[in-house]
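One structure is given here, and the rest of the page talks about it.
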Amino acid sequence: MLVALWYTVNIALVIANKWLISTTGFKSTNLLTLFHMITSTLASGALVAGGVVPWKPLTLPLMGKVAVLSGSFTLSVATCMASLAYLPASFVQALGSTTPAFTAILAFLFQGRREARVTYAACLPVVAGIALASGGEPLFNGLGLALQLVACASRSFKTVLQAVLLTDDRERFHPMTLLAVTSALSALSLVPLVAVTEPGGIKQVLELHLLHPRTFGPLLALSCGCAYLANWTNFIISKRLGALTLQVLGNFKNVVAAAMALAVFGNPVTAMGLLGYAITTAGVFTYSHLVAKFPAHRVPAPLGWLIGLGPAPPRQVGIMPDTDTAAAMGSRKSLSAALVDEERAPLLRA
């Protein structure tokens, strides 16, 4: 149900953005991202202020981690957009599909999460399929390649740090609270980026609103609303299923989005694209099965100290079926640890 909701709101966001851009001519994508962050800040902040979700006092070290989280998001947006000036969009998409590989490495380095070898192997068709569907574009520029790799790495780091803040005993943010704080800081960091890259963005918004009074405003509101729900479900998925799973689902989202674009907008699909999407789909189903069958293990994180996580003793993530779960309820400390362990269940069922 959770994964289905995540896909629903993310595909709705893709369609809303495509409608907004294709029917009105709105091109200020960084400004649109800023609007998304402002919406997420206001909506989640209202829930926190109303007492619907708990507020977490922010110490200076904790605020620093959240600032790094929002900064990595802004860096990924800026470098990804900058790479488009040097690389074809298809090649950018192909490079972006390698994000799960970056996430797997960073999750091990910073969280000490080590998946089974077969689980890592299942990521290969997930990555290769999207790369193939992107057309195998051979044209690239050295600077553009570097910018896109920075975008992938920062996106992966954001996902891993996000998972740490949501699951670590010492941090344990409520997803909505973390969304409120992160969105606010991200919005602040996006303001100078928008001012530099899209100085006429606000003027364009006003002009398009006057030119399309019945469609522009509602489509923009729909996009912002879907973005808020997408951000919220991203945090939930990251907390319950892990950073790597979130990125694998993100690659499969491209397949679903392509199918929806074909159904709604009649977008053309090549034979190579269909083959790539089929490979990615098979990879996601395989990953779903293996990640449930072979739970991740917790090992000492080589770089955990950089984000305030000391080395942890090796342990298996999740409560195994033959484990006496009653023992986990013996003390408040054990219960807390049990709640942090992630549930490993098949993500997709045939």
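Every residue, even glycine, has its Cβ placed from backbone N, Cα and C.
Curation plays no part in TrEMBL annotations; they are all automatic predictions.
Annotated domain 'Sugar phosphate transporter' per TrEMBL: 2-288, in sequence order.
According to TrEMBL, the feature transmembrane segment maps to 32-54 (among others). If you look at the transmembrane segment (32-54), the same-chain residues 6 or more away from its ends with a CB under 8 A from one of its CBs are 17, 20, 26, 77, 174, 176-177, 179-180, 183-184, 186-187, 190-191, 194, 220, 223-225, 227-228, 231-232.
Annotation comment: TrEMBL describes 66-85 (among others) as transmembrane segment.
Taken from TrEMBL, the feature transmembrane segment covers 91-110 (among others).
The transmembrane segment annotation in TrEMBL covers 178-196 (among others). Using a Cβ-Cβ cut-off under 8 Å and counting only residues 6 or more beyond its ends in the same chain, the transmembrane segment (178-196) has close neighbours at 28, 30-31, 33-34, 37-38, 40-41, 44-45, 47-48, 58, 66-67, 69-71, 73-74, 77-78, 162, 165-166, 231-232, 235.
The annotation transmembrane segment is assigned in TrEMBL to 216-237 (among others).
Annotated transmembrane segment per TrEMBL: 244-265 (among others), in sequence order.
For 271-292 (among others), the entry in TrEMBL reads transmembrane segment.
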Please work out the mean pLDDT for the residues of the domain 'Sugar phosphate transporter' (2-288).
86
